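As annotated by TrEMBL, 3-amino-2-oxopropyl phosphate binding site applies to Asn19, Arg30, Gly207, Gly228, His229. The 1-deoxy-D-xylulose 5-phosphate binding site annotation in TrEMBL covers Asp21, His22, Arg57, His62, Thr112. As annotated by TrEMBL, active site, proton acceptor applies to His55, Glu82. For Glu163, the entry in TrEMBL reads site 'Transition state stabilizer'. Here TrEMBL flags His206 as active site, proton donor.
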Amino acid sequence: MSSQSSKEGAKRPIRLGVNIDHVATIRNARGGPHPDPVRAAQLAADAGADGVTAHLREDRRHIRDDDMRRLKAEIDLPLNFEMAATAEMHKIVAEVRPHACCIVPENRNERTTEGGLDVHGQKTFIAPYVRELSDAGIRVSLFVDPQEKQIEAAREVGAPVVEIHTGAYYEACAATRPERIAHELELIRKAAAFAAGLGLEVHAGHGLTFHNVQPVAAIAEIMELNIGHFLIGESVFMGLGAAVKEMKRLMQDARTGGHY
Ligand SMILES: CC(=O)[C@@H](O)[C@H](O)COP(=O)(O)O
Ligand SMILES: NCC(=O)COP(=O)(O)O
């Protein structure tokens, strides 16, 4: 990062959206109400989270419809409702009325979200979907791979926000492959600059951890990171409040030019 972009980045705040999906994964393992993802969202809020993210999957493997209703009703933070672009989800979103919707691709057999949304290949389908949500006052973001053609398409279909999928960067970090890490990071940097240049708000997320978050948080154009699986896992060891606080500290340090 150049000192110029470091200075610009320091001036821009960066938000942390805490994804509480995997509190529901643990709850559902036993079929009862505990642990409650809404209680986790409240703890995250108390620790300084700037938003709550939850993904209502079509197969309801973790978050369920009523969790979304309760998150909206009980938590005083912006709710980012992740979902596939289906008619069923549209109906639920119209009822819950979250602050934001992040449209993601879904595949029943995937373990997690494996790739970004193919906006470029589905413009005629996605454009009216985005328009209807926007007309209902919901801020729409599209979860895309760091590729210019997908970002350009996101602008064309009228989405005000893109969330860059950082999964490939996570994989490179997990495999400890420095060249691959540098390559994936460069793709994210270029994608963020390209999106911001088109006037889009830029978010990023997937697979971010204490160990890999700082180079991404240092990218000046990125305004929000959504982080879940690592924070919920780490909370077993240090508690959710402490994990959220540490993540925010790392993000802020990266933003203000701290070393990483
Ligand atoms: C869209 C995305 O990257 C994640 O936020 C998403 O929620 C992943 O799905 P799982 O939480 O089911 O792994
Ligand atoms: N959109 C990314 C997200 O919400 C969290 O992803 P992860 O940290 O659970 O991989």
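For all residues, glycine too, the Cβ spot is worked out from N, Cα and C.
Keep in mind that this is a model prediction, so the values were computed, not measured.
Everything TrEMBL records as a feature, shown here on the structure.
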residue : record                                      : DSSP class
Asp21   : 1-deoxy-D-xylulose 5-phosphate binding site : helix
Arg30   : 3-amino-2-oxopropyl phosphate binding site  : helix
His55   : active site, proton acceptor                : strand
His62   : 1-deoxy-D-xylulose 5-phosphate binding site : coil
Glu82   : active site, proton acceptor                : strand
Thr112  : 1-deoxy-D-xylulose 5-phosphate binding site : coil
Glu163  : site 'Transition state stabilizer'          : strand
His206  : active site, proton donor                   : coil
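The 6 Å Cβ screen around ligand 2 retains nothing from the binding-site residues His22, Arg30, Arg57, His62. All protein chains included, Asn19 (3-amino-2-oxopropyl phosphate binding site) registers 26 other Cβ atoms within 10 Å of its own Cβ. Checking the recorded positions Asn19, His55, Glu82, Glu163, His206, Gly207 against ligand 1, the ones whose Cβ sits under 6 Å from it are Asn19, His55, Glu82, His206. Using Cα positions, the member of the recorded positions His22, Arg30, His62, Glu82 nearest to His55 (active site, proton acceptor) is identified as Glu82. With respect to Cβ neighbours within 10 Å, the recorded positions Asp21, Glu82, Glu163 differ, and Asp21 shows the lowest count. Counting every protein chain shown, the number of other Cβ atoms lying within 10 Å of the Cβ of Arg57 (1-deoxy-D-xylulose 5-phosphate binding site) is 20.
Of all the recorded positions given, namely Asp21, His22, Glu82, His206, those whose Cα is no farther than the 10 Å limit from the Cα of His229 (3-amino-2-oxopropyl phosphate binding site) are Asp21, His22, His206. In the structure as shown, the Cβ atom of His62 (1-deoxy-D-xylulose 5-phosphate binding site) sits within 10 Å of 21 other Cβ atoms.
In this structure, the C-alpha atom of Asn19 (3-amino-2-oxopropyl phosphate binding site) lies 13 angstrom from that of Arg57 (1-deoxy-D-xylulose 5-phosphate binding site). When the CA atoms are compared, the binding-site residues lying within 10 A of Glu82 (active site, proton acceptor) are Arg57, out of the candidates His22, Arg57, His62.
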